[in-house]
Amino acid sequence: MSFDQLHRYLFNQAHVRGELVRLENSYQSILDSYAYPPVIQKLLGELMAATSLLTATLKFEGDIALQLQSDGPVNYAVINGTHDQQLRGVARWDESLAELPTDFSQLFTKGILVITITPEDGERYQGMVALDKPTLAECIESYFQQSEQLATKVILRTQQTDSGAKACGMFLQILPTSSQATATTDTGFEHLAKLTETIKNEELFSLPAEDILYRLYHQEEIEVYPPADIIFKCSCSRERSANALAAVEKAELLDIVATEGAIKMNCQYCHREYRFDEIDVHAIHAGTFAMDTQNDQ
């Protein structure tokens with residue numbers, strides 16, 4: 001049984017599209033990058049599943065980011081995903097707290113969900129919705145109802161065991177081209193949403209995807225597309241870090257090297273550290289750094 005895959009399907013008679021995503025290795029890679037407490041682990045799993053689901057709705061090459069921001073215990077959490085299902089993410093919270101609240105609404109004070117879509121060609125689009133619902137899934141449903149007036153159902157669940165972590169998600173939405181697209185009370189959609197709500201955790205986390213879809217929708221006319229593989233992939237590199245340093249005055253960089261012994265840059269997503277010494281600084285500002293560092297660390 002394969003996790004780290006997204007399955008897309010279509011209800012031909014109801015003009016509704018659906019998605020099922022299950023994450024394991026890709027999710028665990030994010031958790032391994034930092035010592036996140038259980039509450040944050042669960043949050044990142046739900047956010048990662050949601051990002052994968054929404055990434056699959058893109059009609060172009062590009063990426064999408066789901067970011068939660070607030071003045072509460074969780075400052076922000078973000079997952080970035082590309083059109084080909086490469087995901088990465090990070091969260092920041094008040095680490096001075098001895099214990100974080102487990103209730104979603106208590107994690108975010110004056111919180112907002114920001115969804116940013118960035119095509120490789122074209123203008124970036126950004127939408128937002130308040131984090132004023134009991135769950136992240138309901139906040140995402142609210143986003144689609146407000147911004148696109150599309151009936152949408154989202155299910156997000158996580159599982160933590162001694163053998164590792166898993167995150168799953170399901171997504172139903174009336175097709176934008178459907179005549180019922182703006183009818184949030186469409187009976188066909190409501191019927192499918194109620195069927196989807198019957199999914200049990202043990203089914204989501206243990207059954208093959210084909211069995212899940214059959215159990216839920218065996219009486220429906222459904223077309224299933226080939227699955228898409230999902231991986232954790234950070235876009236950081238030594239060269240990109242060097243490009244950022246090129247915008248800083250050379251003298252300032254040399255002062256840091258003289259004081260600290262080296263310039264240290266850490267990726268906020270994978271927490272990989274890149275170090276630059278005096279020779280690197282001279283190469284960066286001479287425009288020869290890429291040539292000098294073909295054997296990247």
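Glycine is treated like the rest: Cβ placed from N, Cα and C.
Note that the structure is a prediction, hence the values are computed from the model and not measured.
In the three-state DSSP scheme, CYS236 (disulfide bond) falls into the coil class. Sequence annotations record features per position, and here Swiss-Prot assigns disulfide bond to CYS234-CYS236 (among others) based on sequence analysis.
The disulfide bond annotation in Swiss-Prot covers CYS267-CYS270 (among others) and rests on sequence analysis. Mapped onto three states, the DSSP output places CYS270 (disulfide bond) in coil.
Neighbour counts of Cβ atoms within 10 Å were taken for the disulfide-bonded residues CYS236, CYS270; the minimum is at CYS236. Sequence-distant neighbours of CYS234 (disulfide bond): residues of the same chain at least 6 apart with a C-beta under 8 Å from its C-beta are ARG88, CYS267, TYR269, CYS270, ARG272.
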